[in-house]
Structure formats: structure tokens, C-alpha cells
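Student: I have a structure I would like to understand better, so I am pasting it below and will then ask my questions one at a time.
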């Protein structure tokens, strides 16, 4: 049998030299991690990680200000590069162990060259090994059964291939700016159509029931109707995210598991796959067409169009914000900084709450708000 090579050793001087050249290496006890490719995505901001380059972060993982989840610690293992030489490791400040502090000890493999490689002292496999990453995942996940829910909520930093077909794979991927380029011209054009139609003065509410008591809808009402559409979208965003994207498919149903992974599970498995952070225009057009038809049935033609175009604008803003919450670096203390931290908590620790993306508003009345972390003051 081929012997498994042990991890590489790094001296403290070598770590300092690499950090001086711009790398971001941190250690946790003696284990060394290269976070150079992750610093820009760090929810707490790039500068926070840069300041910790070359140091031991084992105490910081337990907070304050933030206690890192077991998934965050598992995520850290993907950047493992070796061990600090004995005697060179730092002694971190003493800290009380948090609920996820044993996660690193429980891990039994490290991620290198695109593969999970079992460590020499433990040959068990992580849940990521339940699928063959060299093949499309969409047709594999349904066989995971009762293991799927745990597996899909243990995120990894690697791209996912869904389909065998290159054509369908292409349609499933979208650059963030494509959404803006496709739908914003539609928003502008339909806004103009709605406003000019209302300006003709022929639109009235309840005219199908009564002419005497029908209410005229003036062109000056358009901005408020547009805003109503955006508010309705924010509610729809919440409901779809919670009840469709986060349905828990029965372990025995291959097809529902597959559908869940296609709709949203693949995003939770690989949350930083930049090609799958926004909704592809082709399937989006089918969903958008459906909601347009519903509004046409419920409201007078121009009024329904005005509500629809506001909702469509809300959708575009939502998709742009969602991409930014994953790849942007908002300034600490800003609204977007809080939303980014909130959304990352949803991905890594609170998958059954925190369903608001462009706003946390609907998490309040539906009681799915992610609780704030609290830390006991030290004596």
C-alpha cells in the first residue's frame, strides 16, 4: 500500500516572509492555513483578516465579536497547507471553548488540489465525499437520501457542475451584470408604457363592477403603484426563499431532492460560485411571465402592468444585492455590511432562519430573525 505523505512543516520565519509578500497565512494552534484567496470574501472584511496575517486565530474563532460556527471551521480546513514547526507556534490567549470549538478536532481530512485528502492519522471521509465531484452533481444528490440535508448545508469553496450537457450547463450560469442588462431596459420601457397609459385618463378601479363608484387612477399615482410593486416583491422574495428554496425534501424522494438542489441547494453547497449567484434569464423569464399573467387577471391592464414593473425592478435590485452580499466588501457599520453578515450567518449557521436578503423586514413579523450573538463580560 502507498504511504500517505504527512503535512508539510513551515517555520515561523517562512510564514512571516510569505505574509510580507502579501499572502494571508494564519494558524490555529499548529495548523497553518493560506487565506489569500478568501480574504476578499470574508464577511468581517478583508482588513480584519489582513491584520491577523501571521498570527494564531484559535481564540478569535470563539469571539467576541463573532463566534464562528462549525461550518465556518470546516470551511477553514479547505485552506490547510501544513503545520507550524514545533516551538514556533504562538500561544493564543486563553479563551472559553465555544459550541463549535471541537469542530476542527472532529475533521478528518484536508482539502488540497481540488480533492479531500484523508489525513495520515484518520482515514474516515467527510460528507463531501458522498458524491463524485468529477461528475455532474444534479443526478447524484437524489441518492443521498437522509444524508442530503446535512451534506447540502456544509458549504465548500469550489465550483459545481450540474449537467452533463454543455448547453444546459451554460444556461444554468449567469454573470451578475447579465441580469441588469436584460431586465433594466424592460423595466424602463414598461415604466414609460405604464405612465403614458395612465396619462390618458382611462384607467379606473372597480370599473368592471360599477361605473358610478369606480375610482380614477391618475398618472401621478404611478410612483406609488411602482413602489407598491417593489414592496410586494420583497414579500414574495421572502416567501419563495423560505417555503420553496428551503423546503426540506423527503429523504425517500429522489426527484424532490434533485429539484431542491437545482433550485437552491447548489447555492448553499457552493455559496461563492460567482456564476450561480443570480437567476439565469431563460428560467427567470418563465417565472416572471407567470407573475405578469397573475397580475393581469387580478388588476386592470395598466394598473397590473404598473405593479408588475415595480416588482420587476425589485427583483433586479434583489439579484444585484445578493451578488454583492457574497462578493462585495461593504464598509463596516453600513446597512449593506450588516446585511452581508446576516446573510452569511444564514449560509453557515442559521439555514432555517434569516430568509430576508434585500431586507430583514419580513423576518420580524414571520419570526425568523437570526438572533444577535451575546458574550458574557469577563471579570
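Each Cβ is built from the backbone N, Cα and C atoms, and glycine gets one as well.
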Student: According to TrEMBL, which stretch among 277-299, 346-368 corresponds to the feature transmembrane segment?
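Tutor: Here TrEMBL associates transmembrane segment with the stretch 277-299.
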Student: Ranges 154-174, 175-195: which does TrEMBL label transmembrane segment?
Tutor: 175-195
Student: Give the range, chosen from 116-136, 305-325, that TrEMBL lists as transmembrane segment.
Tutor: 305-325
Student: Rank the binding-site residues 42, 68, 343 by how many other Cβ atoms lie within 10 Å of each Cβ and give me the one with the fewest.
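Tutor: Counting other Cβ atoms within 10 Å of each of the binding-site residues 42, 68, 343 gives the minimum at 42.
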Student: If you measure from the Cα of residue 42 (heme binding site), which of the binding-site residues 241, 268, 326, 347 is the nearest?
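Tutor: Out of the listed candidates, the nearest Cα belongs to 326.
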Student: Averaged over the whole of the domain 'Cytochrome b5 heme-binding' (7-85), what is the pLDDT?
Tutor: 88
Student: Within the same chain, and leaving aside 241, 246, 264, 267, 268, 322, 343, 346, 347, name every residue whose CB is within 8 angstroms of the centroid of the CB atoms belonging to the recorded Zn(2+) 1 site, in sequence order.
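Tutor: Counting only non-site residues, the set is 245, 271, 351, 357.
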Student: Anything within 10 Å of residue 326 (Zn(2+) 2 binding site)? Look among the binding-site residues 68, 241, 268, 343, comparing CA atoms, and list what you find.
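Tutor: The binding-site residues close to residue 326 (Zn(2+) 2 binding site) (Cα within 10 Å), listed in sequence order, are 343.
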